[in-house]
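A.B. asks: First the structure, then my questions, so here it is.
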Amino acid sequence: MKQKGFSRKSSLLKEIDFYLVTDSGLSMKGTLSDVRDAVESGCRIVQYREKDKSTKEMVEEASEIKRICSGRAIFLVNDRIDVALAVDADGVHIGQDDMPVETARKLLGEDKIIGLSVNDREEAVLAEKLGADYVGLGPIFDTATKKDAGEGIGPLKIREVKDAIKLPVVAIGGINKENCESVIQNGADSLVAISAVVCSNDVKREAKYFIDMIRRTRKA
């Protein structure tokens, strides 16, 4: 019997490690190629983030991403709840200035996953109260990928947030091969490393590096 609601979402989110966020502006081979390679490497969660294409183009691309992820990875859409609904994605990731979590939940239903970007402990605690399923905490380090992200908060803040909530914590912002272990050591359940992966000619290799690092560091 297929699980529904909270128990199903919780079990899915417990399985994530490396979290792919797409970026067509940085990608060397294109969004679909990046998703395909990351999923084949073992990535179990993908967020489709696209700021420059029309809604029609996004729906078409999101439909293909859903097909690639089907049965292998959680598929979320960044911000665009209309696109997520159109392709029946597994959920959305929204920011502090986007649609409120409560409104998104009414539109998507209880079975869908909603992630919320947070910058500190207070925002994370509120996210949990509002019904988010996980938080994206950052920027952990200074990053050029998201120009309005602000200064890095540092990996020690991960533990502070992790100790305050029961939700999975996904670390994002300026994460690369040199600093990624500190992110997991400080309690992050998953991490995003956009430029370190999609700027590569071998996305599969780079995604696998982070997957292996996360699993190895968890066991240490």
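Placement of Cβ uses the backbone N, Cα and C atoms for every residue, glycine included.
According to Swiss-Prot, the feature 4-amino-2-methyl-5-(diphosphooxymethyl)pyrimidine binding site maps to Gln47, Tyr48, Arg49, Glu50, Lys51, Asn78, Ser117, Lys146. As annotated by Swiss-Prot, Mg(2+) binding site applies to Asp79, Asp98, with the evidence given as sequence analysis.
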A.B. asks: Between Asn78 (4-amino-2-methyl-5-(diphosphooxymethyl)pyrimidine binding site) and Asp98 (Mg(2+) binding site), what C-alpha distance do you get in Å?
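C.D. replies: Checking the Cα atoms of Asn78 (4-amino-2-methyl-5-(diphosphooxymethyl)pyrimidine binding site) and Asp98 (Mg(2+) binding site) gives a distance of 10 Å.
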A.B. asks: Ranking the binding-site residues Gln47, Asn78, Ser117 by other Cβ atoms within 10 Å, which is at the bottom?
C.D. replies: Asn78
A.B. asks: For Lys51 (4-amino-2-methyl-5-(diphosphooxymethyl)pyrimidine binding site), what residues in its own chain, 6 or more apart in sequence, show a Cβ-Cβ distance under 8 Å?
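C.D. replies: Counting only residues 6 or more apart in sequence, Lys51 (4-amino-2-methyl-5-(diphosphooxymethyl)pyrimidine binding site) has no Cβ neighbour under 8 Å.
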A.B. asks: Hey, of Arg49, Glu50, Ser117, which of those binding-site residues are within 10 Å of Asp79 (Mg(2+) binding site), Cα to Cα?
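C.D. replies: So far as Cα distances go, the binding-site residues lying within 10 Å of Asp79 (Mg(2+) binding site) are Arg49, Glu50.
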A.B. asks: Within 10 Å of its Cβ, which one of these binding-site residues (Tyr48, Arg49, Glu50, Asp79) has the largest number of other Cβ atoms?
C.D. replies: Tyr48
A.B. asks: Would you mind listing, in sequence order, the residues at least six apart from Asp98 (Mg(2+) binding site) in the same chain with a Cβ closer than 8 Å to its Cβ?
C.D. replies: Asp79
